[in-house]
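Here's the structure we're looking at; comments come further down.
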Amino acid sequence: MPYQDPKKRIKNFDEVSLGYDKDLAIKEAKRCLQCKKPSCVKGCPVGIDIPSFIKEISNDNYKGALEKLKEKNLLPAICGRVCPQEDQCEKLCIVGKKNEPIAIGRLERFVADNQKMTSKLKPGLEGEKVAVVGSGPAGLACASELLQRGYRVTIFEALHKPGGVLMYGIPEFRLPKDVVEQEINQLVDMGVELQTNMVIGQTITLLELLEKGYKAVFIGSGAGLPFFLNIPGENLNGVYSANEFLTRANLMKAYLYPKWETPLRVGKKVVVVGAGNVAMDSARTAMRLGAKEVSIVYRRSEAEMPARKEEIFHAKEEGIEMNLLTNPISIEGDAEGWVNKIRCINMELGDPDESGRRRPKPVKGSEFTIEVDTVIMAIGQGANPVIPRSTKNLNLNDKGNIEVDSETGQTSIEGVFAGGDVVTGAATVIQAMGAGKQCAESIDKYIKNN
Amino acid sequence: MNTIISKDILSPSIKRYVIKNSKIAAKAEAGQFIILRVHEKGERIPLTIADYDREKGTVAIVFQEVGNTTQKLGEMEVGDKILDFVGPLGVPTTLPQGDNIVCIGGGMGIAPIYPEVKSLYNKGVKVTGVLGARTKDILFFSNEMDKICDKLYIVTDDGSQGRKGFVTDVLRDIIKNDNKIDGVIAVGPLPMMKAVCDITKVHNIPTIVSLNSLMVDGTGMCGGCRVTIGDEVKFACIDGPSFDGLKVDFDEQMRRLKMYKEEEEKVLGCKCGGEC
Ligand SMILES: Cc1cc2nc3c(=O)[nH]c(=O)nc-3n(C[C@H](O)[C@H](O)[C@H](O)COP(=O)(O)OP(=O)(O)OC[C@H]3O[C@@H](n4cnc5c(N)ncnc54)[C@H](O)[C@@H]3O)c2cc1C
Ligand SMILES: Cc1cc2nc3c(=O)[nH]c(=O)nc-3n(C[C@H](O)[C@H](O)[C@H](O)COP(=O)(O)OP(=O)(O)OC[C@H]3O[C@@H](n4cnc5c(N)ncnc54)[C@H](O)[C@@H]3O)c2cc1C
Ligand code: SF4
Ligand code: SF4
Ligand code: FES
């Protein structure tokens, strides 16, 4: 697939992957063996009929291809771009055993980008009302599924824009915001009611929604509570959570400052702590905002890095350094309280831990200092506490995630369902969508039985 | 929704708006705040809910024009709509127990202290009010406060209204003359709150302050508003903004508020006249 040249792209926020043109797409589609029992489908959390949509591409019928995709996935332009395909559908593609697997994600993106779906759906006015909290992938998937089952759906979103992490977290150069807006607008056109600036638990509580005539509630409030390491110096000026850094850059478009009015301060030397997608996104954003040196600090080795391979590859191409087997122990600042150093220690891998990965241990006496002027903490996030704190009897697990019945997605409160990152902890877009759809089914059953 | 119903000019740089938003009005409690955005490219800024009327479905804000967003907000007129207006955010202030409470509002802090005094007054608590400002032009709400305070003291740095001096001078006198103060609420610039807590700490008087950290989302998602309380890190937007003043790390807060000073000044010279 064609990409923007790394030297050029670190100076702009335009999309890095340029996408297939028609010829490339058809060529790739023709490589698919059209398996009778396609293993790829088992790898897709929403079960897209992959061979069928690919077949339509090779037949030059993009409208048909899009219809096939939309049967299972209403956000194909987004998933085609950000799904970890290498661990999902493409991992199980039979062609992949000997050669490169079929580029399912890229084909999905191609179809979605080149074919606008005009939807016919309009909800009945007599359907029961269901409330969806949060407009990330989980909430959007749940809402559209409910709509298709004839319910009247209202999405309540805390921020001023819908989309969740798609809007505030994943950067423009990886997932353009107009792509996200277009896909969400389709939902609104279909008849979902969207109320932004509504913080459930503050503006109105979850239980009040039930009292107000919503027959069921779906919670898809995501994993929006940033973790810190709890090491000295983390509150110095110039130390950000990845969430703050990325929200300023993406949602508030600080890269267009001062035309857009939210500032974001990036120094010349930036260290990002962590090695997931969030860390790569932060590092690559910092580079584009003018940093001269950006490095990742991660306590395990490259093999354990949780980010997608493609993102790590792109980050390296863009000149981001990897300080692996390195753990921060403290952050230091100047007289005015601005960060200027990060103290680290080398690590080595010991025996495997509960996650099956080898446990990193500090190497005695190996402390060293990196000079920095910005530090970004990208070490994960937990479930947001606003809803749990304001909802009596909503059970959480020991990590603070909402506890649900694994079959139905119902929480400890009758009629209240939950899915996505708020249940699983930080996961993926398509898993959140899968959970949203599953809950829509349960909500449908629940309402019909009551 | 979010229409400006009335606009009062309290001083050349301080304005009070009453805004229609029945959802927020229905829920608002003393100590909570809203976040607003005035236009599509605008910043999200937090402002305290200075009053609310559940029946009329309105909330009031009082703000000082210190920078870009507050200036643009100040240019709006009655009938205009504020693009985004979300709340009530934060947890309501847990008012101090007892029946002899001192409430200190400094500068813009007079706005947030007003609903807290009102709540205490409605509960029948005896409140001693102390209002301070640099000069009389930026002192507001003294008549309104007079109605709900048992006693009201006014101080200005330059002596242009009330006593000349600082709110801490008054607080020291009150403590000297009245040795059973049950609690203090202090809201104002960080150096003022710090100075108040330095005094109340010595006398072991429970003190509540309200922190105006930099914020983005106001929902606990970004961590930009973090504050150190004792040995714990808290998020001002969901754990506060009111905290136990005796435990707040004020120096850290003062430093963190300067995070974007250069950028802000680039867009627009600061016009607060040394207030910030
Ligand atoms: C920087 C970053 C990069 C990522 N990259 C990838 C990737 O490449 N591929 C991939 O598959 N996954 C990626 N992920 C993970 C993926 O984005 C998430 O797993 C997914 O978005 C979770 O969806 P969700 O709907 O559960 O929650 P979210 O997307 O977090 O959405 C939750 C929504 O609920 C709203 N909300 C929260 N509380 C309330 C409330 N009280 N009232 C009203 N609304 C509320 C929030 O404002 C938000 O809009 C990435 C995540 C991040 C942060
Ligand atoms: C919970 C909370 C409640 C608040 N309530 C009120 C209120 O009722 N009335 C009111 O006038 N202000 C209040 N503030 C402060 C208000 O949010 C800021 O004044 C506002 O964000 C400034 O935005 P600006 O774009 O106009 O100025 P900017 O251009 O962003 O800044 C101009 C100047 O103000 C300083 N400044 C920026 N943010 C803050 C801040 N959070 N606190 C103090 N100084 C700051 C800057 O350092 C700079 O010198 C509150 C803040 C918080 C967190
Ligand atoms: S949605 Fe994701 S997992 Fe499913 S086919 Fe598309 S790219 Fe693969
Ligand atoms: S497994 Fe691979 S080759 Fe077979 S249908 Fe799926 S994409 Fe095509
Ligand atoms: S403002 Fe973002 S967490 Fe408080």
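For all residues, glycine too, the Cβ spot is worked out from N, Cα and C.
Here is what TrEMBL says about this protein:
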- B:1-95: domain 'FAD-binding FR-type' (DOMAIN)
- B:Val62, B:Phe63, B:Gln64: FAD binding site (BINDING)
- B:Cys222, B:Cys225, B:Cys237: [2Fe-2S] cluster binding site (BINDING)
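Within the same chain, residues at least 6 positions away in sequence whose Cβ sits under 8 Å from that of B:Cys225 ([2Fe-2S] cluster binding site) are B:Ser213, B:Leu214, B:Met215, B:Val216, B:Gly218, B:Phe235, B:Ala236, B:Cys237. Listed binding-site residues (B:Val62, B:Gln64, B:Cys222, B:Cys225) with a CB under 8 Å from any chain A CB: B:Cys222.
Per DSSP, the domain 'FAD-binding FR-type' (B:1-95) is made up of 13 helix, 42 strand, 40 coil. Around B:Cys237 ([2Fe-2S] cluster binding site), taking its Cβ as the centre, 28 other Cβ atoms fall within 10 Å, counting all chains. Contact annotation for binding-site residues (B:Phe63, B:Gln64, B:Cys237) versus ligand 2: B:Phe63, B:Gln64, each with CB under 6 Å from a ligand atom.
B:Cys225 are the binding-site residues among B:Val62, B:Phe63, B:Gln64, B:Cys225 whose C-beta comes within less than 6 Å of an atom of ligand 5, given in sequence order.
Comparing Cβ neighbour counts within 10 Å across the binding-site residues B:Val62, B:Cys222, the minimum falls on B:Val62.
Secondary structure at B:Cys237 ([2Fe-2S] cluster binding site), taken from DSSP and collapsed to helix, strand or coil, is helix. Residue environment of B:Gln64 (FAD binding site) contains 22 other Cβ atoms, counted within 10 Å of its Cβ in all protein chains.
Note: the CA-CA distance between B:Val62 (FAD binding site) and B:Cys222 ([2Fe-2S] cluster binding site) rounds to 26 Å. Less than 8 angstroms from the CB of B:Phe63 (FAD binding site) sit B:Ile14, B:Lys15, B:Tyr17, B:Leu47, B:Thr70, B:Leu73, B:Gly74, B:Met108, B:Ala111, each of them six or more residues away in the same chain. Note: the Cα of B:Cys222 ([2Fe-2S] cluster binding site) and the Cα of B:Gln64 (FAD binding site) are spaced 25 Å from each other.
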